[in-house]
Amino acid sequence: MRQALVMGNWKLNATKGSVEALINGLVDAAKDNATVEVAVCPPAVFIPQVEALTADTAITYGAQDCDVNTSGAFTGENSAVMLKEFGCKYTLVGHSERRVIHGESSEVVADKFAVTPENGLVPVLCIGETLEQFEAGETKAVVEAQLQAVVTKSGITSLNNAVIGYEPVWAIGTGKTATPEIAQEIPAHIRSWLAEQDAAVANKVQILYGGSVKPANSAELFGQADIDGGLVGGASLDAVEFSKVISGASA
């Protein structure tokens, strides 16, 4: 049985004070919902602080991105080696904001995916369609292509030690949430697509749903057969709200 995972992506938010308050406010939720893994992905500058604050807790953490290179003249980047040294378990790769704002292709995402397990991190592969692609009925083709880039680069079994985050781009931070039935349809398709290549991988890999996940809808979303938790944005910045989302995964 796949363990539930609820991961907060703080994006470009937080201060030293808010990080301390937020982590301290999540300690009980992580302890009380023992069947759920609770993780946070802070901005890189706050990772050392999160490392210290989570030392004696059940909270895990990761980065929002990592570079394809492990060292060198790459100003502004953070390598998987560096992130691992500061205790990160995870790193997001291919978040839609990286794909759209920074122009990261599926091939670049596949390169980032490949370098993370080589250096001890678990990649959280983010995939999903835009509103235009959704309305054109292209969702399944889009997520298949995004997955195929990784499979071509690293092989299907690389997903044994990875997490998939499905985020319909049109639902991220917009307040527009897919119904539980629609939210379940694409993770189910992802698992079916994987099963055609390796049934064991398909059964093992955790698939998270992201896109305006909040306390009011978390239990119903996480209750779907092929959704193993959530990749949570805005609600993860409030300890009370995020704790309720976490509880939804253990309901």
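Here the Cβ of each residue, glycine as well, is placed from N, Cα and C on the backbone.
As given in Swiss-Prot:
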{"type": "ACT_SITE", "residues": "His95", "note": "active site, electrophile"}
{"type": "ACT_SITE", "residues": "Glu167", "note": "active site, proton acceptor"}
{"type": "BINDING", "residues": "Asn9, Trp10, Lys11, Gly173, Ser212, Gly233, Gly234", "note": "substrate binding site"}
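A map of Swiss-Prot features onto the structure.
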residue	record	DSSP (3 states)
Asn9	substrate binding site	strand
His95	active site, electrophile	coil
Glu167	active site, proton acceptor	coil
Ser212	substrate binding site	coil
Gly233	substrate binding site	coil
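Across the structure, Ser212 (substrate binding site) and Glu167 (active site, proton acceptor) place their CA atoms 9 angstrom apart. The local packing around Asn9 (substrate binding site), expressed as other Cβ atoms within 10 Å of its Cβ over all shown chains, amounts to 26. A simple Cβ count within 10 Å picks out one of the recorded positions Lys11, Glu167 as the most packed, and that one is Glu167.
Not a single one of the binding-site residues Trp10, Gly233, Gly234 has a C-alpha within 10 angstroms of the C-alpha of His95 (active site, electrophile).
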